[in-house]
Every structure is written in structure tokens, then in C-alpha cells.
Amino acid sequence: MDPPVCEDGVVYPGRAPLRRLTRFEYNNTVRDLLGDTTDPAFSLPSEDVGNGFGNDADTLSVSSLLAEQLGTVAEGIAQRATATPEALAKLAPCASNVTAGSEEACARTIIERLAPRAYRRPVAAGEADELLALYSVGRKDATFAAGVATVIEALLQSPDFLYRIEKGTPDPERPQLRRPTGDEMATRLSYMLWGTMPDEQLRMAAQAGELSTKEGVRAHAERMLDDPRSRPTFRFFFDNLLPISSLADLERNADAFPTFSRTIGSLMREETQRFLEHEIFEGTGTWPSILTAPYTFVNEQLAAFYGIPGVTGDEFREVRLDTTQRLGLLTQGGLMAGTTHSNNTNPVVRGSFVLQKLMCISIPLPTGAILEQVKPPDPYSGKTARERFSQHSKDPVCAGCHKFMDPVGFAFENYDAVGLFRATENGVTIDPSGTVPETLGDVSGPIDLVQKLAGSEEVQSCFAKRWSEFAYGLTLRAEDRCTQQAITTAFEASGYNVKQLLIELTQTDAFHYLAPGQE
Amino acid sequence: MLRGAGAIAVALPWLEIMGPERTARAAPEPAKRFLAVYTPGGTVLNRWRPTGTETSFTLSPILAPLAPVQNRLLVVDGLDMKSALGEQHQAGIVAWLTGTAQEGANNGGYGSGPSIDQVIAARISAGQKAQASIQIAVRWATGKAHGLLSPMNAANYENAAPHKPIPPRLDPVEIFTKLFGTLNPSDNNDAARRLARQQSILDFLDRRYSAVSAALGAADKQKIDQHLTKIREIEQSLSSTDTPTTMSSCKAPTMVDTSDYNPRTGLNADDKGNVKDTSTDAAIPKVGKLMTDMLVMALACDITAVGTLQWSDTEAKHTFPWLNLTEHHHFYQHDGGFKPAECERICNWYSKQHLYLLQEMEKIDMGGHSLLDESVVFFGSELSDPPSHKKNDMPFLLAGGGGGLRTGRWVRYSHLPHNNLLVSILNLFGDTRTTFGDPRYCTGPLTNLT
């Protein structure tokens, strides 16, 4: 499809393919629906890689294993939800003292309370009857609890729960276009901002018609972002965008890095997440300010590792950085350690992270034909990384791609394999100069690099793109161009404010209309 | 040892005099079981390739552990994975069983056809066994895949279009319960009640998915229909009267304590294998053995007829503490510069594990012949040479006697496409097609296998 020309005053509904709950969303949803805090979805087979967040609707597929495991997981949740009289009472007060005569009526009460929330829409009478029939099958030769469990098991596997099904309703002003219903809009908002089902307040807002205008949606988006329930969504996003999620398992040679441990790794991840949360919710909160913040968060143990004096206790607190050595998110220990293979730094990995994740420049992996011509350099030859990786610039076959990646990585060489600042490597003074592709050009070192990145339009629009793909659960294509353009423009207008970006994501035509043919 | 052309030349005419010709070559029965075993990142070719002649050969260091079953092996040498086009590792694992190129742009897509295991399963297993097939993996999705299903780690592809990748099972305890839980004769009433309940739920789901599907546009409908198909498959397997056989050879394998093994460790891994979870890695030999036992018994008990064992994903990011190796496999292959000695040690260990699998299959009496006799076991990788990511001269092995496979041989081809092997394997199961995968890279079945 040709990319559309985006004109003012024309509605570009964008794509909204059918989405299945991800494991992250499933866990949050059963927590809110049934109080199940066991994160049961982690035993489901993993999602497809797709857009990097596991929620790319275009690549999600259902294997036999997934269908089977969804049943197993639902069975476990249903059992926990009906295991004790107290658990049953939480489903409906009538369940705490059912008698033979009141059982069926109570089962109906439970269904009428649970099903509309599980389906995120009103349930028709016939649907409730069908669920009640399931209760009767489960109750046969078994207990009341077993009957209720059967219903829950079915609810959790039904398409109405697992998929975000949108039917829409004609737009009163432009009847040829369809818009999400109030309930569907509540669901869109809730999964985007909280990664879970709508709460009572959102459902009531939907009933009251508050979500039928962009202004109404904006007001709720603002409320939802101020709610602590939005925090896990930010954590999830950054855990998947940044190389920090596995720092707690990071291993380094103890002789070379005696002060590093897995605990330090996990504290680094916490440092990054704390910093981001503070900056977004209490600080300036723009992507450029995040990239160049002169402060970070550490506790005593992490401060000792970095050599920052005067921090005591387990609590994280804000400390100023020596801005000749570090500046902003990218120079944090976790990002530097998380972009290093082993005990030696690897400028390719660091450069590739910046280019691909932060600048949305995709670097093709070498194909078999190219690799057959060359052997990769031995990472243990040469005194400095620049020396070790010199083959990449000498060999024209490698240089085609590496000329983009390596010079970005070289600018981070002041941080070793555990993210500590260093001026020399093997007795040789490090030359941290580098080059960034596109318009940014040469940089003198890491501080210069992050400042240039923070001032780059490409970096801002890439960040907006990453959030769009995560928030809308897809990979942006040519046909999504108007949506992307609208978001980029709004992000720019906000001064690149991250919270504002999320609000703007609820203001696009793509968020307020259904694509034609989708009804 | 009976070897040498002389002895055979004398023996053959004498055998023919003994009675009507009834050799395996005349009309072999189709093979009845199929296993595919995957190890990551190729081999060290000059330490892998045997020496000698077709029937009289010496296994080289990497394959040496397999010497006790040498007469059950067919070393298939000289095949190129010509259909493996795309990203270095990904193209290899995509093509390994499908014979198709990686679709789409660089490091993006999957294959565009079914994998042979699924084609075989549709023929001999689906609807006939409790499970159409079993996919199992040990320490999988540890690197760039970030714990997600990806072209880096997907070996199995559905038989029906759009040929979606199939994730493997990872948790040994769950696999055990799934496969052998029903072998426990106790709790009969509970089991019957559970079955009745499950059937009603599936019935309900069938109606819900059908109703939802009917109201959706084409692309969304396809997703719901795919889910509905899977629900119907589960319904079918529940209503199938085929309970595991009570053959004397069928018994649940011995469950071992796997509490020191977290199958999901490293599933949240970063791109480059920073995660080196040695505590879990130490349990890999034990878990691998259990996985092998479960696969063998799943076949012996007729729970399924088709299985895949992936020892890892392509860029294996676990370590080998039991071999005194502290870095991950991909590090020795490529990330840390090619280290042939370490790679050889790892490949050698995988040969030992393969020996165990084949010997266990040989032990099982299926009524006058062994499980191995009626099976075809395909052992392979996505590359041949680790540092260059070459896919020529693939280190492939076949084993077993299914379909009249003539083993105890080292057959050498001159750069024939590996799709020819894939179609030959299908032929062993009675599938008569003459091409498989991308037809541009298939020139027909291999000769000299049966």
C-alpha cells in the first residue's frame, strides 16, 4: 500500500489489528479480576519477538502448545479462586454460605459479576445462561466450588477475555466511520496505560459517555498517568527497550572486576528504573532531559561501587554526577554493562544499541555470503577496543555496516565491562572520540555523544515510534504514516515530554477510529 | 570385526540361495517414528568428518563417542543447505527442517513452509496418537530472542498454511505431567470428571470462537480461526480413544529432581549472552537425559510418533560447567573468536548424548524388533562452520532402520542440496513426493539411502 498523504481535516483511522493479551497483560488482568498475584502467565510459551515488546498483533499466533497451556493456566487460576470459603466469598458474598437451594442462584450472581468484567463489556442474557450450564456440568458429582471453577476456567479461555475484540459504533458526525464503543475505548486506554483491564472508574466513565470525545479521553489519560498503576507499564517498556532486564544475572570475571557482583547488576537496573521514574513523574520528564540528566539514583552499596562518597543505607537517593565523566541515562553503569558481552567491552554492541533502539536505524546482520569472506576479529588481540576492532574499518566488506556502529561504540570506551569509568585500557590512554551517522557527525567522547543524541530529531522521533509501537501493539508500517507523523509532531510540540507523548498517543485518529473494514 | 569387501562378496550369493528374496531393500515397511535432534552452531568439520570408505570408516574425534552404534548410523556428508537464505543463524534453523528461505527483510522472518516433522506427524500421528508431535528444548531463547519465540530459535513449522512457528516445551516437570500423568491408574473418578468438564469447556470455547470469528474482518478472523483450530485439535485428542498402550516396553521414565533447573532462566536475556546462569547450567546434563528419556518413552508408549529435541537455540547462551567451560557456546563459536578446541569438546559431548538416545531406543523391544529399528532419527545443526556461518558440508546424521534405511555407512555427496535429504526422509515414511521445500533447491530424493 502506498503511504498516504497526510492532510489536515482528514481522518486517518490507522490499523488496529486484533490483539491477544500478552503474558504481562494476562498477569495484570487476572490480578485485577480475581486477585491472583501468582503471575501465572509466565508458564505460557513466549510471545513472538515482533516489535520487541511481545505485543505485535501482526505476528502473534496460537500454537497447540499455547492453546493447551492457556487451559492449564486457567485451571490453576480457577482452582485458586475457589479453593477456600474466603476465596469464594470474594467472588460474591452469597458464596460464603450457599445451601442446596441457593447454589444455582449464587452461581448466576457470580457469573453476572465476573463475566462483564472478564469480557470488558456487558454480557447478554443468553451468554450468562450458557456459562450457567457450564457451572452445572462442573457441579455434577462435585462441589459448588468445582462448578464455579469450571465457569472461571472457561471465561479465562474465551476469545472475549483473551482478545481485545472491537466492533465499534458509527461516528454520529461521520457515519461512514466507526469508533470504538465506550467500553472498547476504556479497554484501549487501560491496556495502553496500565497494561490491564479497566477499573470501575473507567467503566463508569465509559457508561457515562465520557470517552466519546478526544477531550474526555485526554482527561482520563491524564488521571491514569498520575495513578501509580501506570508505573509498571513504564518499567516494562524500558526493561524491553534498554539492555537492563538481565543485569541481575550478569556475570563477570572476579579477578578482573572484584567489586562487581550480580547484586550490583540488579542495583544498576534499579538505578535506571528509579531514575526514569523520577525524571518522568517528578522531574523535567523530556527524553532529551533523560539523556542528559546531571544526576542519578544510588544506594550505599551501589555508591561504593561507583566511588560516590556520602551515601548510606539501602534506600536509593538522588546524587549529582561528575559531569566530566557521566551524563544522563546512556552513561549509567547498567546500560554500559548491559551492552557488553563478557569481560571486554564491545563497541559493536554498544553502537548497534544506540543506532537500532534509539535512532531506529536498522543495521542488517551480515549474510552468509559476507561472512564466508571474513572471520570476525579476535576480541583478545590488541590493547584497546579500537585496535581490536580495527579490522572492521580496514576490511571493506565489514566496513559497509561497521562504519556506522563501531564509531558510536568507541565513544563509550571510557566505561569498562561493568560500567565503571576508566581513562586507560591496558596502560594505553583511551581515545573516546567517535562518529554518529546521519547529521550528528563527530563527537569527542561520551558526554559530547549523549548531548548530540539528546539534540537530535532522529532520536526524538525514534523514541516516539518505539512508544507508538508498544502502545498500539504493532509494528508501524507505511500505511501508519499519518499516525506516526501526528505523534512525532505532537511530541515535538510538547518539548519531547514523555508523559505528554503517552497522552498524545490517546489523541490520534488511530486511537479514536477503527480502520475501514474492521467491524 | 566382520569387515571388508571380500567377505561380503562371498556371503551374498549364499544368502540368496537360502530362500526367496526377502531383504529390507525389496519392500521396506514405512518408518513409524521420527525424531529430529538439533545442536547449535555447527561443528568443527575437520574433527567431524570420518575417514575410510562408505562401509568401512572410522569416526573422527567429534563423532567417536557414537562408535558403539556405528552400525546404526548413516553419516550423510556433502550436503549444502542451499535453501538457507537470510540471516546467518536464523536462515539455517529456519531451513533445517523446512527447506525454505527466511522470509522478509534481514533478521525478520520465518520460513514459508512446513517442517518435515509436522508433515510426518500429519501422516502417522495426528488423530492417531494422544499427541500429534512433541517439541522439547533445553535452555532455549537465551540470547537475542529475549525469551520470545523468534526466527533464531524456531525449528518446527505448522503443516497448514500460514506455517506458523511452533514453540517447544521447556519445563521438564510439565512435560512429564503432560506425557505420563495419565499413565498413573489412580484417581480414576477424578480423571473422568476432569475429562467431562474439559470437554464441556472446549465445547463452549468452540462455540464462542466460532461466533466471534463470524463477526470479524478477514485478517482478524484468521487469528481467531487459528485459535479455534487448536481448540478443535485439543477436543479431538481428548475424545480419541487411543490411550497409551500397555505394552510391556511402555513405562514412565524415572523422574529426577529438577528443582535446581529453571527452564526459564535467561529467557529475559539480553542480546549478547551476558547472562551466564551457571547454577542452572550445571543441571543441563541431567535435564537433557530426562528429556531424552521422556522422548523415547513417548514413542515407546505410543503417546506420539514424532518429536524434536532442541539442545539450545542457535546462539546458545548457556555455559558448560561440567566440561569445565565457563563461557557460553556461541562465545567459543564466534563472539569470543573461534575456539576450535572448546567447540570440539562441546560437540563431542553432544555426540555422547546422542549415543545415549540411540542406545535407549535400541533397548526398547517393540515386538521382535527395537524402537530404533522402526524409527528415523535425524541429527543436525543450522551451520557447518561456526565462525564463517557456512552452510556447506552440513554435519548431518541419520540413524535407525525405519523405512529400510541402510545404516552403518558414510555416504558422501557432492554439494547436493539438503532439501533432497528432507524429501528422502519423507519418502521413508511412505510419502511419495519427489520434492520438498523451495523447489529451486531440490533436485529430487537422494539415492543410496535405502
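Every residue gets a Cβ built from N, Cα and C, even glycine.
These come from TrEMBL:
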- A:19-82: domain 'DUF1587' (DOMAIN)
- A:106-166: domain 'DUF1595' (DOMAIN)
- A:184-308: domain 'DUF1592' (DOMAIN)
- A:326-425: domain 'DUF1588' (DOMAIN)
- A:443-511: domain 'DUF1585' (DOMAIN)
_So, taking each listed stretch (A:19-82, A:106-166, A:443-511) in turn and counting its Cβ pairs to the domain 'DUF1592' (A:184-308) that are under 8 angstroms, which one gives the highest count?_
A:443-511
*In the domain 'DUF1587' (A:19-82), how many residues does DSSP assign to helix, to strand and to coil?*
34 helix, 3 strand, 27 coil
*Two-stretch contact, the domain 'DUF1588' (A:326-425) and the domain 'DUF1585' (A:443-511), at least three Cβ pairs under 8 Å*: yes
*Kindly report the helix/strand/coil residue split of the domain 'DUF1592' (A:184-308) according to DSSP, in that order.*
81 helix, 6 strand, 38 coil
*Local confidence of the domain 'DUF1588' (A:326-425) - pLDDT mean*: 81
*If you run through the domain 'DUF1588' (A:326-425) with DSSP, how many residues end up as helix, strand and coil?*
48 helix, 5 strand, 47 coil
*Tally the residues of the domain 'DUF1595' (A:106-166) by DSSP class, grouping H, G and I as helix, E and B as strand, and everything else as coil.*
47 helix, 2 strand, 12 coil
